[in-house]
């Protein structure tokens, strides 16, 4: 009997399957956390933020005295100083100003840990965009607070101290002046985030730069209303001191969104 000849297997060998690459538009599965892990991370981040504020408080305590003297000079009360209502107000006001300075210095760390806590629920693309904008968020907040202190507050105080001075006596309380500065500095610090917000809206394909240009007239109205809320006085000069920088920031935000955040032509063509 003839033996059967075994033919060789000429079929192509199976190639090993490549691992599935992560989709940047999907949340990171390796960062999924339980509720207990979220609470532990929140505790750790709060501790780190508190330590950073405590370290910055040393600088705030040193700078609080010169800052209060500058406030008194701007309020035209540098000769007699602030009026206080109780024996502990001197310590309270000084510590409050030192704490505000410490929070301002620690703002980059606060923002970093805030976004870090939100990171597990974001996609890789969103995390990359947010972390890229962190330094600019801190710089714009500090810039807005500095503009409020050195640019917007002095003319506001001059107006308040001279308006109807034949009827009213200018004798501001120390706590009221601190609240005045706090409202103005925090308000402008947040309002100066406008270019960052516009960049993120365009980068995440929520609002296009063309839409921002199209609705410019509505944005101007919103900025004027916002400036009226932030401005402590009702005169048009102080309103303009707040509104004009915000209008310029809106135009800068449109340019940033157009040049750095608009979709690339190749990506748009491939998507269609």
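Note that Cβ sites are derived from N, Cα and C of the backbone, with glycine treated the same way.
Note that TrEMBL annotation is computational and uncurated.
Computed from a predicted structure; not experimentally measured.
If you look up TrEMBL, you'll see 1-26 marked as region 'Disordered'.
Annotated compositional bias 'Low complexity' per TrEMBL: 7-18, in sequence order.
Among the features that TrEMBL reports, transmembrane segment is placed at 46-68 (among others). Remote same-chain residues near the transmembrane segment (46-68) are listed as 82, 93-95, 97-103, 105-106, 109-110, 113 (criterion: CB distance under 8 Å, separation of at least six residues from the stretch ends).
Non-local neighbours of the transmembrane segment (97-117) in the same chain are 41-42, 45, 48-49, 52-57, 59-61, 63-64, 67-68, 130-131, 134-135, 137-138, 141-142, 145, 178, 182, 185; each lies 6+ residues outside the stretch with a CB under 8 Å from one of its CB atoms. Residues or ranges marked as transmembrane segment in TrEMBL: 97-117 (among others).
The feature transmembrane segment is assigned by TrEMBL to 129-150 (among others).
Feature annotation from TrEMBL assigns transmembrane segment to 178-206 (among others). Residues 71, 93, 96-97, 100, 126, 129-130, 133, 136-137, 140-145, 147-149, 152-153, 156, 212, 226, 229-230, 232, 242, 245-246, 249-250, 252-254, 256-258, 260-263 of the same chain lie 6+ residues outside the transmembrane segment (178-206) yet bring a C-beta within less than 8 angstroms of a C-beta in it.
Annotated transmembrane segment per TrEMBL: 218-234 (among others), in sequence order.
Per TrEMBL, the feature transmembrane segment maps to 240-261 (among others).
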